[in-house]
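Have a look at this one before I ask anything.
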Amino acid sequence: MGGGDIHIDHQEEGLRRRGCGCSCSKNDFLPEESFQSFGNYLQALKETPMRFKDRLLTRSKDTTEIHEIKGRSEHEMKKTLTWWDLIWFGIGAVIGAGIFVLTGLEAREHAGPAVVLSYVVSGVSAMLSVFCYTEFAVEIPVAGGSFAYLRVELGDFMAFIAAGNILLEYVIGGAAVSRAWTSYFATLCNHKPDDFRIIAHSLPDDYGHLDPIAVLVGVVICILAVLSTKGSSRFNYVASIIHVVVILFIIVAGLAKADTKNYADFAPNGAHGIFTASAVLFFAYVGFDAVSTMAEETKNPARDIPIGLVGSMAITTLAYCLLAVTLCLMVPYKMIDVDAPFSVAFESVGWGWAKYIVAAGALKGMTTVLLVSAVGQARYLTHIARTHMMPPWLAHVNAKTGTPVNATVVMLAATAIIAFFTKLDILSNLLSISTLFIFMLVAVSLLVRRYYVTGVTTPVNRVKLIVCIVAILVSSIATALIWGTSDQASWIGYVITIPIWFFATLALKIFVPQARDPKLWGVPLVPWLPSASILINMFLLGSIDVQSFKRFAVWTGILLIYYLLFGLHASYDTAKASGENKDEDGFKNVEDGTVSPKNDAL
């Protein structure tokens, strides 16, 4: 990269050794050349623009992620999971606090009985994202999930910003579920949640209801997640079966008390209410991406991941829609209790005893959500640390358990601290936005993966690809802005933006030849399916409140500062030391050329 480079004398073996030691010396956290002395660090800061450009234009290879980056954890994760495990992990990851807490709130405040349509819209968006994730998880079966996929297709910098938001989502989501766990436990014991909390009057009210039970639950989950992935899978499997039985009980018993008159006013706030609720209810589907992080521990990724991810999402969507229908048929939507909708619904129809079954089922569901998210978030952090964007100490995989112990403990400690202090409503306001953002980026990455391979895609086709993707993104953002900024949405705007999206996707299909075929399993209907995923995710973002976007911007700003001061220099040094990047076609080390024979003629 020119004469300004700091001399780097690390060898691959040194990287591997220092990147995974389980001690706590400085070299376990900042082993890179840029941090060996203050002079080196100042020199690195001076080179920030050049290094940033390098990392911005650098895209990893499939083989780099699968072999070299993974090797920096010294010990491999054990391949113990099958499609059956993944289906139950998916159900365990997704069906939790969302359905039991948010359904009542959104039915009462926004959608009415049409909340079932909100779940359908969110479910379609989630399913489109599942397809995109599945192709990546099969082709790049590593613990990094979306971080690894984005690193391969969109480069280091975009991958880091995306990964930082996913980690925030996991920590805040875990803290929210831990607080809700205490609330349902209190219901089971015929107490109010604050009976189990310590009220600290010296702290602000939003942060003064200290929750030791949430911390205790986090500690138990941490021990389970550290001991064994297969053990976690077995626990999740049993808990999820009990959970499914409870959900079936709610549906059957609830429909026995159904009153069709409650459906008279089906959509009191029209389409706006349905889509507003849909953006919030997307939180209920968050979690399936944790399953993709388990690809590294899956015995046969090509078969198991598609069945596991798509199967669990289909079951989840069906369960959500049936639960939403049941709730709104039992009770008029204006009378739904926002805190414990199903428990109070059974009480209102004279079945007070059923609230204990509902509370027990909710506890089971939230426990499995916490467990699967603990497993997933630790694997994200492990893979980020393997690239040295985060301290490599976090990449250590324990030789005995085959699990990333350091990353698991750090993530759950952060979750426990936030859960101890922060009220549920503060936490729930921070959810959904970064997840939709990540899912949109994964869909964009899939288009890049299929249509751009160095040495195969001509410069003209590359320009056409960029124009089409920009047109898809701009038309999707414009559609979301029209929806988000107008109370009585004018159809004129949509008549302009939707055709632009359609013709941009059509142009991509007709005028840009696919440069790569999937090796094992591929998303059907490319480019339509990923393009639709981009549109729907953007559209749902347009329904989220301004405050959430401000928080999103603040967190992204913090990530950017950390990246420019530490992550950029650490990952740059590491890449140079391992010979990870070579100049090629203006980009660096663009992906493996898994090109199908038909592309030779392009």
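Every residue gets a Cβ built from N, Cα and C, even glycine.
The transmembrane segment annotation in TrEMBL covers 81-102, 114-136, 157-177, 212-228, 235-258, 270-288, 309-333, 397-421, 433-453, 465-485, 491-508, 552-572 (among others). The domain 'Cationic amino acid transporter C-terminal' feature in TrEMBL is assigned to 521-571. The region 'Disordered' annotation in TrEMBL covers 578-602. For 579-591, the entry in TrEMBL reads compositional bias 'Basic and acidic residues'.
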The transmembrane segment (81-102): which same-chain residues, six or more beyond its ends, come within Cβ distance under 8 Å?
176-177, 180, 184, 229-230, 233, 236-237, 239-241, 243-244, 247, 280-281, 283-288, 290-291, 294, 297-300, 303-305, 307-309, 311-313, 315-316, 319-320, 323, 339-342, 358, 362, 365-366, 368-373, 375-376, 428
Have the transmembrane segment (235-258) and the transmembrane segment (433-453) got at least three CB pairs under 8 Å, pairs 6 or more apart in sequence?
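By the criterion, they do not touch.
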DSSP-wise, what's the residue breakdown of the domain 'Cationic amino acid transporter C-terminal' (521-571) into helix, strand and coil?
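Looking at the domain 'Cationic amino acid transporter C-terminal' (521-571) with DSSP, the answer is 40 helix, 0 strand, 11 coil.
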Other than its close neighbours in sequence, what residues sit by the transmembrane segment (552-572), given a CB gap under 8 Å and a spacing of at least six beyond its ends?
30, 32, 34-35, 41, 44-45, 48, 51-52, 54-55, 156-157, 160-161, 164-165, 168, 387-390, 433-434, 437
With pairs closer than 6 in sequence left out, are the transmembrane segment (309-333) and the transmembrane segment (270-288) joined by 3 or more CB pairs under 8 Å?
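Yes, since the transmembrane segment (270-288) and the transmembrane segment (309-333) share at least 3 Cβ pairs closer than 8 Å, they count as touching.
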So which residues does the transmembrane segment (114-136) touch in its own chain, when a touch means Cβ under 8 Å and the partner is 6 or more beyond its ends?
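Contacts of the transmembrane segment (114-136) (Cβ under 8 Å, skipping residues fewer than 6 from its ends): 103, 106-107, 145-146, 148-149, 266-268, 273-275, 277-279, 281-282, 284-285, 288-289, 292, 305-306, 309-310, 313-314, 316-317, 320-321, 324-325, 327-328, 333, 439, 442-443, 445-446, 449, 518, 521-524, 529-530, 532-533, 536-537, 540.
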Taking every residue in the domain 'Cationic amino acid transporter C-terminal' (521-571), what is their average pLDDT?
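Residues in the domain 'Cationic amino acid transporter C-terminal' (521-571) carry a mean pLDDT of 88 in this prediction.
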With CB pairs under 8 Å as the measure, which of the listed stretches 212-228, 309-333, 433-453 comes out on top against the transmembrane segment (157-177)?
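Ranked by Cβ pairs under 8 Å, first place goes to 433-453.
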Checking distant contacts: for the transmembrane segment (212-228), what same-chain residues at least six beyond its ends satisfy Cβ-Cβ under 8 A?
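Beyond its ends, the transmembrane segment (212-228) has Cβ neighbours at 174-175, 178-179, 181-182, 185, 196-198, 235, 367, 370-371, 374-375, 378, 398, 401-403, 405, 408-409, 412, 415-416, 419-420.
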